[in-house]
Amino acid sequence: MNFSYSSLSTWTTLMTLGCLLLHSSISSAQLTPTFYDNTCPSVFTIVRDTIVNELRSDPRIAASILRLHFHDCFVNGCDASILLDNTTSFRTEKDAAPNANSARGFPVIDRMKAAVETACPRTVSCADILTIAAQQAVNLAGGPSWRVPLGRRDSLQAFFALANTNLPAPFFTLPQLKASFQNVGLDRPSDLVALSGGHTFGKNQCQFIMDRLYNFSNTGLPDPTLNTTYLQTLRGQCPRNGNQTVLVDFDLRTPTVFDNKYYVNLKELKGLIQTDQELFSSPNATDTIPLVREYADGTQKFFNAFVEAMNRMGNITPLTGTQGQIRQNCRVVNSNSLLHDVVEIVDFVSSM
């Protein structure tokens, strides 16, 4: 391409003007449910239809998508960093202990992104697609419907070390669990109890409950807070020397439905993993037990609390305005970030 000094000067001027317009318009942008109303209203239908199609062959996918969103937001905020693959510059969060061989649903997000890019190129971030997908997944499983605040942008890197430290482990005590939530700004008891209700559907691997079943706290005995009948059921599914990747339902009552039965289970000492049952059985649970009882007694109370907590979680340090980028492929940072930013500026200015 031949580029004269005059054309370069014009291009530079336009770039400067575009950047000023963009900065003045969205540098202090706040998340809003109407963010894509004019630029990509079809994103919601695209995401929902993708999940509906996937559910036909994979009933677990709704719970898996919700978990992806949770694991994304707890690591440097909801920035789609969990979706990035390994590079020479950083290690993927997919390799971190809380995600390795358990986080799933990435190809489904890829299909959503490809369809959204066809409909609305360079417009919707991967972070927002994952956020919308989590909401739609919950609703399709029988849970509440709500309008999610949008306008996030995508991280330029992954945070492997942070994923290993920020994500709560299945064997956490209640004080440890509270600390992990407070660490990301979720300091209300209702944040912890309502978001834990995401375990009302989906599955978990035997390896994460073996200590509860056979050697709790190195006692050689099962967790004393575990219902004895439920203990025998779980031991049948997860024998001492069996395959520890076998999957067990989080909710023995309605395993694929998003409802309040998770809390009913906790009251009966039938929480699957330690962090679940801690909400009701820990000596430190004086502020969580009343919420477990409240949500067990009323589905709508749980739904209302869950929506509020999801929106609070979705607002953990989002990238907005000129921060980050809008990835074209959720697995990789845009190969030419400067050129892509110029295109974004031109697109934005032309839409004003």
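Every residue, even glycine, has its Cβ placed from backbone N, Cα and C.
What you are looking at is a predicted structure, and each value in this text was computed from that prediction instead of being measured.
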Going by Swiss-Prot, point out which residue in ASN86, ASN315 is annotated as N-linked glycosylation site.
ASN86
One of THR200, THR219, THR288, THR317 listed by Swiss-Prot as binding Ca(2+) 2 at the site of ASP251, THR254, ASP259:
THR200
Checking Swiss-Prot: of CYS78, CYS120, CYS126, the cysteine bonded to CYS330 via disulfide is CYS126
Candidates are CYS120, CYS206, CYS238. Which one does Swiss-Prot pair with CYS40 through a disulfide bond?
CYS120
Quick check: in three-state DSSP terms, what is CYS206 (disulfide bond)?
helix
Taking the centroid of the Cβ atoms of ASP72, VAL75, GLY77, ASP79, SER81 as the Ca(2+) 1 site, which other residues of that chain lie with their Cβ within 8 Å of it, listed in sequence order?
CYS73, PHE74, ASN76, CYS78, ALA80, ILE82, GLU93, ALA127, SER155, PHE159
Residues within 8 Å of the THR200, ASP251, THR254, ASP259 Cβ centre (excluding the Ca(2+) 2 site residues themselves)
PHE201, ARG253, PRO255, VAL257, PHE258, ASN260, LYS261, TYR262
Minimum Cα separation from ASP79 (Ca(2+) 1 binding site), reported as the residue among recorded positions HIS71, CYS126, CYS330 that achieves it
CYS126
Nearest of the recorded positions to ASN284 (N-linked glycosylation site) by CA-CA distance, picking from CYS120, ASN243, ASP259?
ASP259
If you measure from the Cα of CYS120 (disulfide bond), which of the recorded positions ARG67, ASN215, ASN227, CYS330 is the nearest?
CYS330
